[in-house]
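For reference, the structure is listed below as structure tokens.
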Amino acid sequence: MPSKHTVKVKPNINGITSVDIKQKKNVTLIDTDNEIVFEFGGPWGVTAMMIGFPLLMFYLWGCLQFYRGKLVLPLEGELWSQIIKEAWPTWYATKIYLTFCLYELFLAYFMPGPIVKGAPVASLNGKKLDYLCNGVMSWYVTLITSYILHRYSYFRLTEIIDNLGPLMTVSIITGFTITFTVYIVTIIQGNQYRMSGNIVYDLFMGAALNPRLGRVDLKMFAEIRVPWVVLFYISVSAAVKEYEMFGYVSATMAFMVLAHFLYVNACAKGEECIPTTWDMTYEKFGFMLIFWNFAGVPFTYCLGTLYLHLSSIDNGRPIQHSPAWTFFCYALLISGYYIWDTANSQKNRFRMTLNGTYIPRSTFPQLPWGTLKNPSYIKTKQGNLILTGGWWGYARKIHYSADLMMAFSWGFICGFNTPIPYFYPAFFVFVLTHRVTRDMERCARKYGKDWDEYCRQVPYIFIPGVY
Ligand code: NDP
């Protein structure tokens, strides 16, 4: 049965209307999020993904590491024997990876930061959970710690790129271990939610909606404290290695460091916007989120960096492009970042304001047009407001397009000798297209005619005037 709550509307800052969800009458909040829909091809589809993802990660890494980016036949025997030999999980790699994860968990637990309320969770009778947002402080402390460790040779950052294969395997094992552990603990505690009854499917989608370790929300921790930080350090490691080998850092490698810095920094500086996102309120903490964040994101999104690194060793010098191409890649990255950052912050701050949880922050960098004053919006019968101002008046998923601009720039900076650095943008097109379909269907169910009106007012999805 859908749960019902009512909405009281009161004026707020920025001219936006704040909505408090209370258990009274008037407008109805329907728990559409409690519906079980088999996605990703159901149990067979997710089984294939749970087996296929790790194999794909090993395959792509092996093709780069041993065949200079040539896509060899997947059943090539030599390939797998080399992978087993070179990517075997060493004790050293285990120590590096787990120490890092535990240190980040420690920071997430103890660093100071604002506490932000999440969106009302329909399955919890509209309750808003508290999220400790100490991402910025943790990020800066991580940067300082890594500098000290490297500078005084306690841990040379070059060790990361030198041990990438074993580290990847350790991350894969960690992803599976956490998936099973969280699932079993959730079932024992009786905290499972929206279960399909098929154990494989439920392992993939997860059992727990908001698992916590004390005051640390594990889902938010996994989404932003591990994947992007590891990815950033893989690129930093490759850049330091390049500097040690050639005496300088090339524009191509510097690009990767900048690209990954921008992503991890954005997640940290805008962390207070995350508690109201779809992942926090709707997705459960299963293999899909756990594996992808602990292993998939850092160790497949870094393939461009690995390619640049291995090419510089093969060629005796770093890859360089014409100034025009290099400029184009940087321009694509920075313009994509600007749209992505401001579009996300416009919508999230708008939603936080109407949720009564907006807090002004001065975390670096605050970009112009990141917060809208008196934006236009549609007031839905369900109670939520749908933003139609700012970037959101141009296209319904403009932040996805901007994210894709960045993703393609990560590939373009590697040139066109091998398709492997394009795995991330290609995969990302698939992920975002799938996410759009899921999200549009969900919003259409949730908002009904109001969603139709929104689609009428903002007809384009990705590119204004085109599609
Ligand atoms: P969105 O930020 O698009 O959130 C979708 C939800 O936002 C909808 O379900 C709806 O929620 C609400 N919404 C949609 N349109 C509006 C509107 N006009 N006004 C107000 N609320 C609206 O989805 P994601 O969580 O997928 O993406 C967040 C960011 O993360 C994106 O920039 C994306 O590119 C990035 N991302 C990156 C990934 C990576 O691997 N690099 C992977 C996935 C995402 P409600 O039901 O509350 O109304």
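Cβ coordinates are placed from backbone N, Cα and C, and glycine is handled just like the others.
In TrEMBL this protein carries:
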type	residues	note
TRANSMEM	44-67	transmembrane segment
TRANSMEM	87-110	transmembrane segment
TRANSMEM	131-149	transmembrane segment
TRANSMEM	169-188	transmembrane segment
TRANSMEM	222-240	transmembrane segment
TRANSMEM	246-264	transmembrane segment
TRANSMEM	285-310	transmembrane segment
TRANSMEM	322-340	transmembrane segment
TRANSMEM	404-424	transmembrane segment
Margin query: Cβ under 8 Å, sequence separation of at least 6 from the ends of the transmembrane segment (169-188): give me the contacting residues as numbers and ranges.
Written below: 54, 57, 87-89, 93-94, 97-98, 101, 202-203, 206-208, 211, 218, 222, 230, 285-287, 290-292, 294-296, 298-299
Item checked: the transmembrane segment (222-240) touching the transmembrane segment (87-110) per 3+ Cβ pairs under 8 Å rule -> yes
Checklist line | Outside the transmembrane segment (404-424), six or more residues from its ends: residues with CB under 8 Å to it | finding: 60, 63-64, 68-71, 252, 255-256, 259, 262-263, 300-301, 303-304, 307-308, 311, 319, 321, 325-326, 328-330, 332-333, 335-337, 339-340, 432
Next item on the list: Go through 131-149, 222-240, 285-310 and flag the stretch with the largest number of C-beta pairs under 8 Å relative to the transmembrane segment (44-67).
Entry: 285-310
Next item on the list: Take the transmembrane segment (222-240) and find every residue of the same chain, 6 or more past its ends, with a Cβ under 8 Å from one of its Cβ atoms.
Entry: 100-101, 104-105, 107-108, 135, 138-139, 142, 146, 150, 156-162, 164, 171, 178, 249, 253-254, 256-257, 259-261, 263-264, 267-268, 271, 274, 279, 285, 289-290, 292-294, 296-299, 301-302, 305-306, 308-309
